[in-house]
């Protein structure tokens, strides 16, 4: 039986599971009921299941009939602290918590893939390691998995892939891209110190507020004048705080922002530029700027050979019309990138857009509605990739 036909047989059940997860979302690192559901759905398969420490997250190993490499398949499970506004009959029952990034679909797709591959075990020359990951939204889950030795435990993972919903691609289609597909996400804080004093006597103190203003302007020139226009990057200041009263010179101003980049060298350059610009502007005005960086996730850079395998798999099972090459990467971040510091891998997109406006809203929007045609497409794509990789 073809993989897409096997997917059709379980499609109704997987949609039902997705709606249950959507109705009962759980925040990052608190996915206890979701974890138990995964264990229950897969309990009668040949997959060796184990909960992660803390009872949130599951790892399952399916050993193929033949010898070969081990492929990791990762799906994240956590929801967001967002009040849902979709109007769906199966809207969240938990006030202020919503699956607004499609992780309910991710979990359902990975479950469906596990059920399909369990029946394809005799065709697999190698192993599958299913990773139902907690805590992606807080950028903790991938390292939580890695630190427990999941990648290195026998059978050791050789390659790894994951999927993500995408409201810019039509439902039922699979989006792929070679090279960078998601950005590194770093944050930074800047503290500009002044001396404080009376507003009527500015010449007797150092004022950090105009200095902070010049730093804001100076940081905007990093992308336009120091980074090649052929390299994608963003520096955004999201917060600025300073002063306590209208007649008091502020003693300090605090700024914070984020940096998004696709190239590791550009990432390092921007970090150095932010410190250089901030410190030198402050020094020129007899003040001091202290810059603190908080490294986030690295960029997601797809292994080109794995994209080629997905190309073959999707065309074979879903047809040429359902494969889309994404014209540009996203500057959003994904903690899947932490796995790629250890093994080569690939992230692909499952389209969730239809002709309804709510399906085109951005991820994390309280009103976004994901077209459930993405579920069978995702199961078929991930399952057929695994069979193609381990044939």
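Glycine is treated like the rest: Cβ placed from N, Cα and C.
Taken from TrEMBL as is:
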type: BINDING; residues: 101, 103, 137, 164, 364; note: Mn(2+) binding site
type: DOMAIN; residues: 187-284; note: domain 'Peptidase M20 dimerisation'
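This view paints the features noted in TrEMBL onto the structure.
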residue	record	Cβ neighbours (10 Å)
101	Mn(2+) binding site	23
103	Mn(2+) binding site	28
137	Mn(2+) binding site	20
164	Mn(2+) binding site	27
364	Mn(2+) binding site	13
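Residue counts for the domain 'Peptidase M20 dimerisation' (187-284) under DSSP, helix first, then strand, then coil, are 43 helix, 31 strand, 24 coil. In the three-state DSSP assignment, the secondary structure recorded for residue 164 (Mn(2+) binding site) is strand. Under the DSSP three-state reduction, residue 103 (Mn(2+) binding site) is assigned to helix.
Listed in chain order, the residues near the Mn(2+) site other than 101, 103, 137, 164, 364 are 76, 78, 80, 99, 100, 102, 136, 165, 363, each with its Cβ within 8 Å of the site Cβ centroid.
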